[in-house]
Every structure is written in structure tokens, then in C-alpha cells.
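Asks: Pasting a structure here, questions to come.
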Amino acid sequence: MTQHHPADRIVVLTGAGISRESGLETFRDADGLWSRHNIADVCTPEGFRRDPMLVDRFYNGRRAELAGVQPNAAHLALAELERAAHDGRWNGELLIVTQNIDDLHERAGSHNVLHMHGELRRVRCTSCGATPEWLGDCLPDTPCPACHRPTLRPDVVWFGEVPLHMDRIETALAGCDRFVTIGTSGTVYPAAGFVAQVRDHAETVDINLDPPQVPTLFDRTLIGPATRMVPQWVIELLGA
Ligand code: BJW
């Protein structure tokens, strides 16, 4: 019998914790980015207007770091799950919604990925709207390759800005059977509110290194490093 409708539609929401074991810093952990950088300076449109050089350097540094790290077992396990759906080994469908601006899901082999907070490997021109791929440094006087004006900014979503792909994300959330978060502190909206939106129709699972600080809305919490817990969870799904 040919199955046209996947029996298990999964939305996975990833956060900085999934890339931690690849060597990228999280934001809010004790040794995270916010321990050394002021959020209002580097992650708001006002901060960028005030000091574009500081903000460009912050993202140039993180873009350079990205070149030296590799996807880890958690990214690879999610890519394997997508492949299993593609090959017909698993009757399901996987969408990764990531808050991360790194490209480790893509480099692990995932295709069905939405970057709701933008991408480090692109910049955006505030004059013409172009979003060219960008692997090197970008500075306040760097001309846009399309319109030649020096009006490029990191293609990321700062506080007070509207996250990307929200229509597709809302549709996927409304139609999912399972919702799984991996390595996110659940403090930044709208992503933090997704679990409340889906819990009446989907099984909800949270995978995190640390146990939750406050009672959570999730049906299951799997505590441990992403590189151990995500492959385990994928094996459980594929074995079922
Ligand atoms: C491991 C691990 C291992 C570690 N294994 N786990 C009051 C109430 C509600 C909302 C608001 C409010 N006041 C203001 C707002 C809105 C605001 C907001 O949410 N503020 C809160 C702080 C209160 N939100 C916005 O402004 C957003 N826009 C918006 O709401 O627009 C309105 C709108 C929405 C929808 C439709 C229409 C209109 C925009 C938010 C933009 C966030 N941008 C950043 C920067 C992006 C670029 C960059 O990377 O520099 O996104 S901030 C930063 O936080 C980044 C992250 O994606 C995001 C989330 O962080 P994440 O990933 O959760 O990381 P951490 O560090 O917090 O947690 C890591 C976790 O991993 C921890 O739990 C560890 O335990 C775990 N971990 N190692 C497993 N090995």
C-alpha cells in the first residue's frame, strides 16, 4: 500500500544548545555570549544604529568561528531522520525550525530547515533588500554587491523584529503530531510559545542538558547532552 499521508508529522525546534558540543557558544549559559556581550548593544536595531562597527564585528567573529566547527551527532541524527522519511524507512515528515543562525543542520545533510532568526552566512541590504550569501567579513562601508550602496547588515532577527517564515511555521505547528525542542532555554518569543500552541493536539518533548527550572508544559523531558539524547530519540522513532 502506498502511504500518501505521513503518520507522524514532527516539528523540531532547535536552539543554541544543539550546537554547543560543536564548539559554538549558547547565549544564556554561564559561559554564554551574554556573559561577555551586552544584548542591547549587539542584538537590537537600536544597537546597530548606534554602533554598526561593534555589531558587524560581533557577527564577523561568529561567522569566522563557524568555518572552524562541524555538525555533531545531534545534527546528524536529525538529518538521518529526514533521510529515513525520504527513503520510506520511516512513515513520517520532519521540519526543523531553528532559532540558530549557524548552518550546521544544512551541513549535516538536512534540507527541510527554516531559520526563524536568520542566517549568519547571509547579509541583507537595507536599501535594495538583497540577501547575498556572505562568508567573509562585512563592515559598515562594505558595498552591497547588488546596488553598491554601503547599507548591508547581518541577515539576523534582533529583538523587536519579526521572526522569519512565521506563516509556514504556524501551519506546520497546527498540523503536527509531535513537537520536540532541543537545546533551547524557552525564554525568547514567539518560539517559547510554540509548546502552548501545540499541546492540545501533539505530543511534546523537551531535550535539554539541564532539568527545567520551572514546571514545563512538555509531556516528556529528556535530560542530557544533545549528542547523546537526540540520536537515542531518533533510534527510538525509527525502531518503532
Ligand atoms: C544544551 C546543551 C547541550 C546547553 N545539549 N542542551 C515579553 C513577553 C513576551 C515577549 C516579549 C516580551 N518582551 C519582549 C518580547 C519579545 C521578544 C522576547 O521574546 N523577549 C524575551 C527575552 C522576553 N521577542 C522578540 O522581539 C522577537 N520578535 C517578536 O516577538 O516579534 C513580534 C512578532 C512575533 C511573531 C509574529 C509577529 C510579530 C525576536 C526575537 C529575536 C531573537 N534574536 C536572537 C539573536 C539572533 C541572532 C544571533 O544569533 O545573534 O536569537 S536572541 C538569542 O536568543 C538568539 C536565539 O535564537 C534566542 C534563543 O536562545 P536559545 O537558542 O534558547 O539559547 P539559550 O542560550 O537561551 O539556551 C541554550 C539552552 O541549551 C539552555 O537551556 C541550555 O541548558 C541548553 N544546552 N548545552 C542540550 N550540550
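Keep in mind that glycine also has a Cβ here, set from the backbone N, Cα and C atoms.
Copying in the features that TrEMBL gives for the protein in this structure:
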ACT_SITE  H117  active site, proton acceptor
BINDING   Y59, R62  substrate binding site
BINDING   Q99, N100, I101, D102, G183, T184, S185, N208, L209, D210, A226  NAD(+) binding site
BINDING   C125, C128, C144, C147  Zn(2+) binding site
DOMAIN    1-240  domain 'Deacetylase sirtuin-type'
Asks: Rank aside, I only need the closest one: which of the recorded positions R62, H117, C125, C128, C147 has its C-alpha nearest to that of S185 (NAD(+) binding site)?
Replies: H117
Asks: Could you round the CA separation between R62 (substrate binding site) and I101 (NAD(+) binding site) to a whole angstrom and send it over?
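Replies: That comes out at 10 Å between the alpha carbons.
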Asks: Mean pLDDT for the domain 'Deacetylase sirtuin-type' (1-240), as a whole number?
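Replies: On average, pLDDT over the domain 'Deacetylase sirtuin-type' (1-240) sits at 96.
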Asks: Let me know the largest Cα to Cα distance in Å among the NAD(+)-binding residues Q99, N100, I101, D102, G183, T184, S185, N208, L209, D210, A226, as an integer.
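Replies: Taking every pair among Q99, N100, I101, D102, G183, T184, S185, N208, L209, D210, A226, the longest Cα gap is 22 Å.
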Asks: Per DSSP, to which secondary structure element type does C125 (Zn(2+) binding site) belong, with helix, strand and coil as the options?
Replies: strand
Asks: What whole-number Å value do you get for the CA-CA distance of I101 (NAD(+) binding site) and H117 (active site, proton acceptor)?
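Replies: Distance (Cα to Cα, whole Å): 6 Å.
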Asks: Out of Y59, Q99, C125, C147, which binding-site residues lie by ligand 1, with a C-beta less than 6 Å from some atom of it?
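Replies: Q99, by Cβ distance under 6 Å.
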Asks: How long is the line from the C-alpha of C147 (Zn(2+) binding site) to the C-alpha of Y59 (substrate binding site), rounded to the nearest angstrom?
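Replies: Given the Cα positions, C147 (Zn(2+) binding site) is 22 Å from Y59 (substrate binding site).
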